[in-house]
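Features of the protein shown, as given by Swiss-Prot:
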type	residues	note
BINDING	6-13, 132-139	ATP binding site
BINDING	HIS156, CYS166, CYS168, CYS173	Zn(2+) binding site
Amino acid sequence: MGKGLALDIGGTKIAAAVVTESGMLIGRQQIATPRGGAGQLAAALETLIAPYRHQVDFIAVASTGIISGGRLTALNPANLGGLADFPLYDCIRSISDLPCVLLNDGQAAAWAEYQALGDKNDNMMFVTVSTGVGGGIILNKKLLVGQRGLAGHIGHTLSDPHGVLCGCGRRGCVESVASGTAIGAETLGWKQPVSAATVFDMAQQGDAQAGKVINRSAAAIAQMLADMKMALDLEVVILGGSVGLAVGYLERVVAAQKTLPGIYRVPVQEAHHRQDSGLLGAALWARTSL
């Protein structure tokens, strides 16, 4: 099929790269995800797509949110600056008439990471801990998308029934406890609130308060993995996202798993493709779909 342009729309950034037939990413770039509504998102997509209209054969998009019927619907609109619904396919087709395939970003990343594992596993899951918490599931060697595109929205499984209200409208979702947004929100009661990135820096320097906040996130992820292992008989979990790939986070998740009975534990490893799993996965999926 030749080269494709892959896009990865996240809550914090939109990344783009040309993906060759051999799976190499060329000219990777990223911009901040606009927070000003549909018009700004459309303009950002045009900025990234327009220069490549005559250089690639297809467009592949991995995006946060529910991807169904060509639309992006946000379970937690706060992750996209309040944008709840966006005609993603129509927007891209208005910029370019190239063939276009859309997929949820967690699903796309799961597909790329599954390919990287080789043919060793039947059931695996990709987990992204970033602005929000999401994922993608491979079951019996097949990517689980779902009739409505919901499969893999593991950040909206329950962590604490008495917890804070999640942006999706339910109380105590994993995302409201474990995400980068939640980590930052935990510092609002501090003398000087800081970002999630700063919390990790503080923890690296031995700050006990910062370490406690990160441990709470890691424990929520470990409990969620235990639930998903029991539901899906997972063989391995791949961890990604800005929080998931932060120094020391994987080790904290593994430590939290060790407090559970052995049957609830599942091997966890960092994403092979790091921050590019979504880009590559979208392109790989498009090649199977077009």
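Just so it is clear, glycine is given a Cβ too, placed from its N, Cα and C backbone atoms.
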According to DSSP, which kind of secondary structure is ALA6 (ATP binding site) found in, if we only use helix, strand and coil? strand
Sequence-ordered list of residues in the chain of THR12 (ATP binding site) that lie 6 or more positions away and have a Cβ within less than 8 Å of its Cβ, or none, is ALA32, THR33, SER130, THR131, SER242
Cβ neighbour count within 10 Å of ASP8 (ATP binding site): 27
Take the C-alpha atoms of GLY10 (ATP binding site) and CYS168 (Zn(2+) binding site) and report the distance between them in angstrom, rounded. 17
Which chain-mates of CYS168 (Zn(2+) binding site) that are at least 6 residues away have a CB under 8 A from its CB, listed by sequence? LEU75, ASN76, HIS156, GLU175
So which one is it: of the binding-site residues GLY10, GLY132, GLY134, GLY136, which has the fewest other Cβ atoms within 10 Å? GLY10
Using all protein chains in view, find how many other C-beta atoms are within 10 Å of the C-beta of CYS166 (Zn(2+) binding site). 24
Please give me the CB contact count at 10 A for HIS156 (Zn(2+) binding site), counting all chains in the structure. 21
From binding-site residues ASP8, GLY132, GLY136, the one whose Cα lies nearest CYS173 (Zn(2+) binding site): GLY132
Which Cβ among the binding-site residues (ILE138, CYS173) has the fewest C-beta neighbours inside 10 Å? ILE138
